[in-house]
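Participant: Per TrEMBL, the features are:
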type	residues	note
DOMAIN	269-377	domain 'HTH araC/xylS-type'
TRANSMEM	15-36	transmembrane segment
TRANSMEM	48-70	transmembrane segment
TRANSMEM	82-100	transmembrane segment
TRANSMEM	112-132	transmembrane segment
TRANSMEM	144-166	transmembrane segment
TRANSMEM	187-209	transmembrane segment
TRANSMEM	221-245	transmembrane segment
Amino acid sequence: MHLFYAWLNQSQFNVYDLILIMLMFQCLMFGLLMLVRPPRPLSQRLLSAFLISLAAGQLVFLFTYNPALFRVLHPIWGDSGFALWALVYSVHGPLLFHYTRALTSESYPWRWSYLWPLVPGLVVVASEPLGWHSMLGVMFWREFVLVCVLGFAISVGFAVAALTHIKRYSEQLKDRFCTVELMEHGWLRLMVWGFLLVWCLEVLPPFFYPWAPWQLMETVAHLPGVLELGLIYFIVFAGLFYAAATRQIPAPSEKREAASDEPCQQEAQTVQAYIAMRMAEDKLYCRPRLNIERLAEELALSPRHLSQVINREFGKNFFEFINGYRLEEVKQRLTSEQWSQASVQEIYESVGFRSRSSFFTLFRKHVGMTPSQYREENVVLDVALEPRA
């Protein structure tokens with residue numbers, strides 16, 4: 001007992017240890033919050049598991065790199081015990097990837113095969129008695145370090161896969177919806193990029209060790225913890241407020257329609273002319289909350305058939321197709337005498353846009369100026385072209 005109190009009276013933790021402790025409690029607290037907060041869909045439970053795994057990772061780092069704790073625990077666990085704890089770094093990336101998939105998919109069943117990222121680390125630990133690890137001693141000075149690097153490398157791979165999925169998800173949204181707000185999922189991409197950067201930095205130290213200056217080594221070793229402090233607050237805020245508004249995409253049907261069901265060129269051109277006629281005469285694009293299913297129902301076509309014609313014959317996705325019509329209608333109404341007394345908001349809402357900021361961003365991107373500037377410029381041009389008496 002005397003030795004225990006003497007140990008407590010000593011200075012046990014440095015600033016980096018305090019960052020690890022803060023991160024650990026932060027992740028654990030928010031992870032438990034996500035776990036108990038209803039309605040607890042699969043995506044929320046995966047986010048909770050991801051945060052708790054981050055907390056466990058900080059605890060393992062603290063046990064490993066705090067000299068006082070390491071001296072106490074190493075005789076109990078040994079090198080293999082620490083290496084087993086390091087397997088937690090192999091699940092960070094997979095959990096983030098599966099969270100992204102579950103968040104953006106209506107149906108995403110869990111499978112035990114998703115645990116395969118643990119296999120490389122387990123192989124390293126199980127093969128330790130063979131003694132081959134000593135060949136890597138210069139770079140991976142302990143079995144623990146090799147398992148850590150493998151885990152973070154796996155997480156980097158899964159983060160890249162998550163970014164690829166988000167890109168594909170964005171394309172799927174644009175094939176089904178025309179609402180600009182549904183495309184605003186930059187928070188998810190930013191979150192994945194942030195952790196990708198952190199995990200890349202975690203992989204680097206062993207490769208820097210033989211030649212890098214001490215200052216660079218310290219920066220690379222401690223920067224991930226500082227970045228994670230901000231990322232944790234961001235991921236929790238986004239998970240609570242943005243995730244619920246994320247539109248989910250139905251899982252693809254296992255029975256795809258046969259290639260013979262696809263329209264021939266002549267039929268596709270006939271359908272294209274019919275769609276163009278209905279869009280011009282009935283202004284179907286002005287309907288708010290329009291999606292591929294509703295437009296297909298209005299045109300008496302299947303959603304798949306309509307999507308094929310829009311993609312192949314018009315050379316656009318659904319988002320570009322509908323909003324192209326809307327922007328042209330806005331431009332026409334901005335310069336129309338009939339709409340001269342209407343505000344810009346009344347005009348963009350009349351053609352189906354709902355968000356002011358999203359409309360202005362889209363209009364400026366395609367026209368190169370704001371709606372007010374476009375209206376003023378064309379009014380001035382019309383006045384200049386009027387014949388003088």
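Using N, Cα and C of the backbone, Cβ positions are placed for all residues, glycine too.
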Participant: Per the definition of 3+ C-beta pairs under 8 A with sequence separation of 6 or more, do the transmembrane segment (15-36) and the transmembrane segment (221-245) touch?
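Facilitator: Output yes: the transmembrane segment (15-36) sits against the transmembrane segment (221-245).
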Participant: Which range out of 48-70, 144-166, 187-209, 221-245 gives the transmembrane segment (82-100) the most CB pairs under 8 Å?
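Facilitator: Most contacts with the transmembrane segment (82-100): 144-166.
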Participant: Determine which recorded stretch among 48-70, 187-209, 221-245 has the most C-beta pairs below 8 angstroms with the transmembrane segment (144-166).
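Facilitator: Counting Cβ pairs under 8 Å, the winner is 187-209.
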Participant: Across the domain 'HTH araC/xylS-type' (269-377), what are the DSSP residue counts per state (helix, strand, coil)?
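Facilitator: Computed counts for the domain 'HTH araC/xylS-type' (269-377) are 81 helix, 1 strand, 27 coil.
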Participant: What average pLDDT does the predicted model assign to the domain 'HTH araC/xylS-type' (269-377)?
Facilitator: 91
Participant: For the transmembrane segment (48-70), could you work out the same-chain residues 6 or more beyond its ends whose Cβ comes under 8 Å from its Cβ atoms?
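Facilitator: Result: 7, 10, 12-13, 16-17, 20-21, 23-28, 30-32, 34-35, 82, 85-86, 88-89, 91-92, 95-96, 99, 144, 225, 228, 232, 235-236.
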